[in-house]
């Protein structure tokens, strides 16, 4: 009889979701197996080697604040860092790091290899072992090995039924040079899961030695480096490399328009939906036909490799046309192409088949995370991965699952959208997707998430002490700013009045001064009124709490009001077909998605406020009838 190894948790796939899931489960005490097609491609960045950007940076901060890795990896392997939207409000500040893709993969692999309770293994999972009560019991690989576990996490990325396209040529692959995973899609379909197809793409890579940099606009990193991780041990000061900017030309646009029919999408070879917010260059030319030019960013992929990533220039054109297309860009007239661009089509599981814990509704103990759930982006994958890892561990250990509410984090917003909206295109997190973005800032991710990470067991004593010390310093600085005053006739008071074009009447606290437009903590420091012992993040934390206090209080009041209503639980066996006062479409959608709370029900596409009102009335009538029956029985 073949030997079967036993684990608590098995993770299938070692991309950004799989790495976070495996680490979380192992750190919570579960014997964990991480299975991957290729041990040399763990934590790989197959598209843009970058972490962060609008809303994505908030996810990276939140994962770190919970005890995850993606932020630490970016801080240890960055080539360049910039804060985007720095001139706007703190709700949309976004840190972005260009990373060294090979170094990133090497460092995360080392972290995984050194993690207690975690074992890595190369293998292709083709089947799931299912028990008599529709519970997962383990997995089987292509070559016949079996591994048993009480929880299995699917983080297969673009590999399920993966097929890459260049022009009208295709081959089975999860990404260039790596074979696709076979069999698992059929297993999921046999178990009753719905699967569908999505597509994404990646641009060509060119040799940095063949580029004319005099024709490009340099994009340097910020002189003052910021960090994703709240743990100073992850911070590595290093020399930054520049990125560059060029633009498409009329020649670029003509070449694309003349050859659209040769691309897999416009040629009709594939019809899977691609990412709306990261379109191919041909999509841009078609959708924005009135634009004369589009920005193209030239970004390094590593310190010691010659490859440049051509951001914003993914294409499905045939390989023999791609070089001609690249050479229409200023600065790239003589460029050498090292890797062609390609599109990849793959199977995914619409995430409405998952609970907000990321356990599937159909099979107990089976979790799904990352690109398999229909998302796009390393940060979205990492966020789902840590949630799946936490909840898989808690499931195995008989503990209650953790649900992240959308009003508490971008992680919660992401998962709530996935589980309640019938999304049929790759999902990318955006600040506009959160109704509470002023509260869900990057700077306060540790305030929001680290206490939960501590409660779960992912934040150790050292990290917790750092957190408490930081919060104490911010609170003390807020107190000082509200108490220390500047007098009208003091030289510093006169200087500030002149700077802000507003007189100081009698005296003003430093907090009053911070509330003035275009006056910041850095200005207090310029007048000798700051605290030089504080870290930048602590100064910003104190300033934001004071400057935006009114807005923050109003939004928190809105959240509290929404939470009171939205957290009302709905019976899991509720017969929506019986609510005849509700529209048929709403009844069908609610019966299909089975929301757990009133808030989830209200966010399902096709369910409007009138439907929610009808549901509330029906629930109240049912409650009254139950009370009357219980009263009659007592009598």
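Heads up, the Cβ atoms here are built off N, Cα and C, so glycines get one too.
What Swiss-Prot records for 13, 14, 15, 16, 17, 18 is FAD binding site. Sequence annotations record features per position, and here Swiss-Prot assigns NAD(+) binding site to 274-288 based on sequence analysis.
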Densest Cβ neighbourhood among 16, 276, 284 (binding-site residues), 10 Å radius: 16
Which of 13, 15, 18, 274, the listed binding-site residues, has fewest other Cβ atoms within 10 Å: 274
Residue 14 (FAD binding site) and residue 284 (NAD(+) binding site), distance between Cα atoms, whole Å: 32
Between residue 18 (FAD binding site) and residue 276 (NAD(+) binding site): CA-CA distance (Å): 25
Other CB atoms within 10 A, centred on residue 282 (NAD(+) binding site): 22
Residues satisfying Cβ distance under 8 Å from residue 14 (FAD binding site), sequence separation of at least 6: 22, 34, 35, 36, 39, 41, 42, 43, 112, 120, 155
Residue 286 (NAD(+) binding site) CB neighbourhood, other CB atoms within 10 A: 15
FAD site, defined by 13, 14, 15, 16, 17, 18: further same-chain residues with Cβ within 8 Å of the Cβ centre: 11, 19, 20, 21, 36, 43, 155, 157, 370, 381, 385
Site of maximum Cβ density within 10 Å, from binding-site residues 17, 278: 17
Cβ-Cβ distance under 8 Å to residue 288 (NAD(+) binding site), same chain, at least six residues away: 294
For residue 16 (FAD binding site): DSSP state (helix, strand, coil): helix
